[in-house]
Amino acid sequence: MALHFERIGFAPELVNYRECLDLQRQVHQEVVAGSRGNTVLMVEHDPVYTAGRRTEKHEYPWDGTEVVPIGRGGKLTYHGPGMLVGYPIVRLPIPLDVVRFVRVLEEVIIAVVRDFGVPATTVEGRSGAWVLADERGPDRKISAIGVQVSKRATMHGFALNCSNDLRPFGKIIPCGITDAGVTSLSAETGNRIDPADVVERMEQELSAREADLCVPFEPDTPAEPVRLPAPGTATSAAAS
């Protein structure tokens, strides 16, 4: 079965992070159970900081802004308007190779970013997609990746800076990296490039790499459409 994409919400209808986290968990349970095929949620979030498992308290925002602790790898990062966030919830092959999964995501993102005229690449020892140091400044991260694997299926995923305000990153040490900066497609090209301009191309590239990302399978029964929980009903606690 082909990789299935669900566009959950884009500006002006931004998606609350906790509500989307509940949705991720629901879809993850269904993929594990075999009642839903491999699915990628595409979304643009309200402003939020999230902390991966390796985040330490002293790395939290200096102004006391709320942080949502989550189970992905990595450290502290920011999501907000103008950022394309993708959550691949897919079954991995056995034996599990999470590093390989992350490498394929990097390759997908880099291919998409280059299509928009930005020479992204990888940096040894650091995950995500990067623009290397030049006359404009040091190495700059344009996309972050952080995943979690449970019962052979993935959660969380990637965030690509498209047209988002980069100033919220100034309140934290993004991903725990002190000697590099952050950037976006819009900042690098000088043209406004929104998530809605990128999402179709991202879906195409993910589909082209499906065999490298996951094990295709047919769900036991046709799955219901993915829906966010009703506003105000999110159950994800701060320690999620």
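Residue numbers in this text run from 1 along the chain shown.
Placed from the backbone N, Cα and C atoms, the Cβ positions cover glycine too.
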Examine the ranges 25-48, 121-144, 217-240 and name the one recorded by Swiss-Prot as region 'Disordered'. 217-240
Row LYS141 (site 'Lowers pKa of active site Cys'), column other C-beta within 10 angstroms, all chains, value 23
